[in-house]
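Taken straight from TrEMBL:
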| type | residues | note |
| --- | --- | --- |
| BINDING | 18, 20, 104, 217 | divalent metal cation 1 binding site |
| BINDING | 142, 167 | divalent metal cation 2 binding site |
| COMPBIAS | 241-250 | compositional bias 'Basic and acidic residues' |
| REGION | 229-259 | region 'Disordered' |
Ligand SMILES: [Zn+2]
């Protein structure tokens, strides 16, 4: 397995509040990604499952890596592919994994999301919100162009004392207060670097300081900044299956590239960018977002719980 280049140890500690290191594009190199990010100061990774196909991978990763906080949920994009007993299966993962949180679940009216029946999205979303409430776990929510619906549904089915994380928040500054008033947290990702700069300058400042978290959403959401060279995901090289995969890729015209994949170590780039928007020292934002994430993910049974007690 390719070794990530050694980087100087960072003084900051960070909590990647939402990522998908079980994603098939990076799962083979996930241990190297976790190792490199950990060496750079990332102490925790909330790894979110997206469908019945990857919950077992998330569980395995959490069993193998003390820094991984497992989250199980059915993402709106995978709603049409759910099996008739998806909910029983989801419940079983929570029974077998008492340290897990809920996610990624949500609503999507974006270019892909609008091809998926919205009524079904809402039904699947609400059932998982009910589960989060019943289990008293925080829930990581995906929302694209459906903030009005999200607010209504959260108001109707809340309150959620264990917390709701609106992940990779890209909504308006105006929408923040409504969501914050019902207890939502907001995590900011590299997608923010692609937001119109006037909007990107206003929005983070509208988030209460005790509700800001940082995330990479890796392997997605690679920050788009010219002046920052983000660490690349190493290409797996050693095992036979991977070799074969590479040969197969080469025999096709399209070459699989890792250059668009996001590395969890790039949370430092997100930190730097958000700190500049908030006009706040990076170390201060790192510590503040770390404490917020620790608080959110510190339910009884969670790996983070003993640490939160000490804060
Ligand atoms: Zn995600």
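Cβ atoms are placed via backbone N, Cα and C, with glycine included.
Where TrEMBL records a feature, it is marked here on the structure.
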| residue | record | DSSP (3 states) |
| --- | --- | --- |
| 18 | divalent metal cation 1 binding site | strand |
| 104 | divalent metal cation 1 binding site | strand |
| 142 | divalent metal cation 2 binding site | strand |
| 167 | divalent metal cation 2 binding site | coil |
| 217 | divalent metal cation 1 binding site | coil |
Counting only residues outside 18, 20, 104, 217 in the same chain, those with C-beta within 8 angstroms of the divalent metal cation 1 site's C-beta centroid are 19, 46, 48, 50, 103, 140, 142, 167, 168, 215, 218, 220
Rounded to a whole number of Å, the separation of the Cα atoms of residue 104 (divalent metal cation 1 binding site) and residue 167 (divalent metal cation 2 binding site) comes to 9
